[in-house]
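The transmembrane segment annotation in TrEMBL covers 20-49, 69-88, 100-119, 163-190, 213-232, 350-367, 373-392, 404-423, 443-464, 485-504. What TrEMBL lists as domain 'Major facilitator superfamily (MFS) profile' is 24-508. According to TrEMBL, the feature region 'Disordered' maps to 510-534. Feature annotation from TrEMBL assigns compositional bias 'Acidic residues' to 514-523.
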Amino acid sequence: MAREQLEVLSALDVAKTQLYHFTAIVIAGMGFFTDAYDLFCISLVTKLLGRIYYTEDNAPKPGTLPPNISAAVNGVALCGTLAGQLFFGWLGDKMGRKRVYGMTLMIMVICSLASGLSLGHEPKAVMATLCFFRFWLGFGIGGDYPLSATIMSEYANKKTRGAFIAAVFAMQGFGILAGGMVAIIVSAAFKAKFDVPAYEIAGDASTVPQADYVWRIILMFGAIPAALTYYWRMKMPETARYTALVAKNAKQAAADMSKVLQVEILEEQEKVEKFTTEERNSFGLFSKQFLKRHGLHLLGTTSTWFLLDIAFYSQNLFQKDIFSAVGWIPPAKTMNAIEEVYRIARAQTLIALCSTVPGYWFTVAFIDRIGRFAIQLMGFFFMTVFMFALAIPYHHWTLKENRIGFVLMYALTFFFANFGPNSTTFVVPAEIFPARLRSTCHGISAAAGKAGAMVGAFGFLYAAQSQDKTKTDAGYPPGIGVKNSLIMLGVINFLGMLFTFLVPESKGKSLEEMSGENDDEYETGPTDSRTVPV
């Protein structure tokens, strides 16, 4: 049975949608815009890096990054992101959401610029410094996940909380779109200025020296939106839930939220002291009580995010390879270096515009109507269906007359990833854990996702190689082929659907109701893992 809620938290739960809600969405969302831009723009320039630094004299095809270098360049930011999610998630519960928020943004600004200024002209020096700075860029990006989600969940009201958190995450779609558009503009400008014949005609001369500026400009552009957001992040007050329930400062929480909500709120220091010192509201992450109350929930959020990101990142980072396999992007030797960047960026921008961005905003529109559980289950189901629909008749899709159909089906898997688990796995961990552990548990869940992303990013590089040794990319051993890789991803999506049943539904409930912090009793149903505090 629920007890009387703190007035400051009740005021937040029932507050009408106001300007400060949208301000918080924009401030937190611009971080995610930058995150997505920085993480995914690397896939636009990896082929260019191979041409510039690894083309051999008189080779029949332009150079590509060696397998170990390609894996490092594509995946090192994901390693940094995983570390950042764990570290800053923990720090956000120890020091406060706001104090840590600015640190992550400054790391992102500095390392975005440094990535594009990677030192030297020799391949080894450039790749080593690029990987070094992209690791720390990922570290800053990692902090944005638990902090943005937690801040938005703790600011929002009960009625539209899901939509607000999903809207922050939906800015990722615009970041992916912006990456493609920046790459199109930069490559088109350089192509107009330095137009040279294709590789099969001009050989090494098809890569002009100025192409080295193209990838650097694309990577460095990610610093701009992050830098513009810093001032506004520092002006945001700390969330009332952290101030009251973790820092135990009722006076400050009431003062901060009185300003934000523009209403008079009583400070209730005695109630806060009583509320936070009870044994049931003071257990730690590694306690038996946490395991009993939230163990299955944490398993649900980590496993679903892990499985989702295997599929999502292998698709997103390497869709250029799939487009090449079905002929949507011409063979590399028929283009010059800058034109190849333009073609890859155009293909990825089209997918982002037609499926990725709409998918995110469908979630924003429907998450508080049909619930997190239904959207996640539906998303995993359709991702499974479309993966198998692509994989089983794969030869059919490689025929020239069916290529548009292939791209349409591929786009639908992205749509249902985003109108599905890619959004809900971000939303739910910010709602179902206690305030003192909320950022930490979100960081753990997100880190599990990035572990899946690394499996997808590293594994897909090798798995998608042709089974015929003569048709593999330079330096790669034979793999299982694109068809079998797609079948594997379909199975992974099906497993995600099953693990969704461990995740509780949080639609329309207060954060304290979900976490059990404000209830006299708390039970977890023996058969329905989606039960909540009673």
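Every residue, even glycine, has its Cβ placed from backbone N, Cα and C.
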Residues of the parent chain within Cβ reach of the transmembrane segment (100-119), under 8 Å, 6 or more residues beyond its termini: 31, 34-35, 38, 84, 88, 91-92, 125-127, 129-130, 133-134, 136-137, 139-144, 147, 151, 215-223, 226-227, 229-230, 233-234, 236
Local confidence of the domain 'Major facilitator superfamily (MFS) profile' (24-508) - pLDDT mean: 86
Stretch of maximal Cβ-Cβ contact with the transmembrane segment (404-423) [cut-off: under 8 Å; candidates 69-88, 163-190, 213-232, 350-367, 373-392]: 350-367
Annotated stretches the transmembrane segment (350-367) and the transmembrane segment (443-464) touching (3 or more Cβ pairs under 8 Å): no
Beyond the flanks of the transmembrane segment (69-88) by 6 or more, those residues with Cβ under 8 Å of it: 38-39, 42-43, 46, 49-50, 54, 100, 103-104, 123, 127, 130-131, 134-143, 145-147, 313, 317, 439, 443-444, 446-447, 450-451, 453-454, 457-458, 461
Recorded stretch that, among 20-49, 213-232, 373-392, 443-464, has the most CB pairs under 8 Å to the transmembrane segment (163-190): 20-49
Top partner of the transmembrane segment (213-232) among 20-49, 373-392, 443-464, 485-504 - counted as Cβ pairs under 8 Å: 20-49
